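Asker: After the structure tokens below, expect a handful of questions from me.
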Amino acid sequence: TWQMLAIYMVLAANLSEQQALKQACPCYASQVCNCSSMGLDFIPPGLTAKMTVLNLAHNRIKHIQSQDLQQAVNLRALLLQSNKICSIDEDSFQSLVKLELLDLSNNSLAHLSPLWFGRLFSLQHLHLQGNSYRDLGQSSPFSSLRNLSSLHLGNPWFSVIRQGNFEGIGLLHKLWIDGSNLSQYEQGSLKSIKEINHMIINIRDSNIFSEIVRDLLHSVSWLEVTEIKLPVEKKSLVQNSIRPFRIQKLTFKQAFFTDQTISQAIVLLKEITSLKELEAINCVLEGKGIWNTEEIARSGQSFVETVTIIKIMIQNFHLFFDLEGMESQINKLKRLTIASSNVFMVPCNLARHFSSLLYLDFHDNLLVNKRLDETICKGSWPSLQTLNLSQNSLKSLEQTAKYTSRLPKLNNLDISQNNFGEIPDVCEWPENLKYLNLSSTRIPKVTTCIPPTLEVLDVSANNLKEFELQLPLLKELYLTGNQLKTLPGAAPIPNLVALSVRRNKLNGFSKEAFEGAQVGTVHLSLMECHRSLVVSLICVLVFLVILLLVAIGYKYHMVWYLRMTWAWLQAKRKPKRAPPKDICYDAFVSYSENDSDWVENTMVRELEQACPPFRLCLHKRDFVPGKWIVDNIIDSIEKSHKTLFVLSEHFVQSEWCKYELDFSHFRLFDENNDAAILILLEPIQSNVIPKRFCKLRKIMNTKTYLEWPAGEEQQQMFWENLKGALKS
């Protein structure tokens, strides 16, 4: 039965190629054509000028020919990524003058031709990464792409960039180059691009990195570099370049630093006077912080104002030195983020030199209260306004408040996701604190420890059962995810503008709860406000979904497949074929009621009155009364030596003839025999055969069938051939 199951699933799921293409890839009357992940090895025919989006990604297409896209003149987006494209005719894209997005990434293109892009005057986004080309040719493939905004190219084999490769490109919003194995870069190659807002380059060769930086000083705003090992060389990055420079932000991702290379990099990067922001994300630092601070100090003042370090890996981070001697390099810094990097303290002497720092983010580190006392010592961080200490290991709220009170200008403090557990009655806070985040700190209540100067307070996701604090300046209060059964009183917080009380245990509230305060906007879910209405809407929605499924099922003949599934489940419990002693008929006859006159008065008389006579099974005469018709069909086919199909245009319009054809098809494939005999009673035009009769087309293409002739002489030969087929 498992063989029958496999065969049924194949037959039910795999319609004819043309039918499947039209159903799964509706390209013929729609503006958007989605043919992705269909196993296609060709671009579907019949594309029209109506189409604006064509998605052929994740198929097996190898070649793009001149005529494939010729009619799709209004195409705006063409997605061909993740195929096996190895060749493109030179004029394949010639008619796509309105194309704005072309994705050819992750294919097998061994070279790039300028002729492909010659007529793509509207193209804005071009993706060519992940192919197998080693260079961009001797000239520029992009010279005609005057409107190009983003370009993504390169691959593991990409090794050469030449002068002139980017001629014709004036402005790019984003340039992404996978140059992990780039070994040759001709100086000046990227200078032809006058302006690049964001450039990402994957590069390992530090010398080539230096050459590229020199070419980009006047064009790139944000340079992002991945997988690089920083150079030890002392050659200037700016050399004789004329100021002002344009580059403002430099990001390193998955880069590798040592104490020596990071010291040299700090010195070299100071020469880029326009550089205001440095980022290091998912990088590795091999060393203990023994930097050449004397050389760094001699090189002058840094112009960088923002430093972001996220997930830096320092082996033996607990042995890292205190960076003594770096004090002169940090006094102009305004924003510092060191997150997810195992920071457990900052030496007091170093902290006191962050004289201009306004924003400090130490979230997701290893700070504890004892080390926080050293990190926020008296006189440290004198200008700090915003401090984020969330997701650390702080245990005492009283001590945390006391240490932060040493920051005279602090007005924004986030100490969420620390495990305080308890809250004292009195705390000492910064005098000007306006924003305090105490969410997810496991405090069981709120006390007068909360400073009265606050304008915004977040105590979400704790275990609060009530909120009765007097906070006269408070404007926003967040109480989401607590155990509140009543609203906070309005009088103690008269200036409240926003209140969040989602996911509490509130059952309702009255006008008195607001004590005359007018509520402007309320953001409550429908379930919270109109439970009965929501239930009604859900019921209506479920009904509409069922109605939609019924409509889809009717359109795509799902009812028929369900019937077939039930019939197959009934049939699979029976033997594959009745034993010889149970064979009752020479043939089961499948025919349309409209052809009954020929079958019953001509064929039956000729065969059943032959010598010896043939035993035929006809549904009118031999089906068991009261038995389900599908069971009758299955039993009759199983108890017949052959199955005889009388084909006509009436036959292909009959639902029951379709069942009989399918059940016979199971037996044909399961036993690998020749049980089906086809009689073509009249010529059948292919356009009248319904889509679901794909197996009939297949049988007619693979089996010889008998045609009923018009002349009496040929009819005698017809009967002889039919009798011979029944005896075989």
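Backbone N, Cα and C define each Cβ position, glycine as well.
Any TrEMBL annotation is an automated prediction that lacks curation.
Note that the structure is a prediction, hence the values are computed from the model and not measured.
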Asker: Under TrEMBL's annotation, the disulfide partner of Cys427 is which of Cys377, Cys449?
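Answerer: Out of the candidates Cys377, Cys449, the one TrEMBL links to Cys427 is Cys449.
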Asker: May I ask which of the disulfide-bonded residues Cys33, Cys427, Cys449 is closest to Cys348 (disulfide bond) if we compare their C-alpha atoms?
Answerer: Cys427
Asker: Please tell me which one of the disulfide-bonded residues listed here (Cys33, Cys427, Cys449) sits closest to Cys377 (disulfide bond), measuring Cα to Cα?
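Answerer: Considering only the listed disulfide-bonded residues, the nearest one is Cys427.
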Asker: Would you count the other C-beta atoms found within 10 angstroms of the C-beta of Cys33 (disulfide bond) for me?
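Answerer: Its Cβ has 24 other Cβ atoms within 10 Å.
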Asker: What is the Cβ neighbour count of Cys377 (disulfide bond) at a 10 Å cut-off, with all protein chains included?
Answerer: 17
Asker: Find, among the disulfide-bonded residues listed as Cys348, Cys449, the one whose Cβ has the highest number of other Cβ atoms within 10 Å in the structure shown.
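Answerer: Of the disulfide-bonded residues Cys348, Cys449, the most buried by Cβ count within 10 Å is Cys449.
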Asker: What mean pLDDT does the predicted model reach across the domain 'TIR' (583-726)?
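Answerer: The average pLDDT of the model in the domain 'TIR' (583-726) works out to 75.
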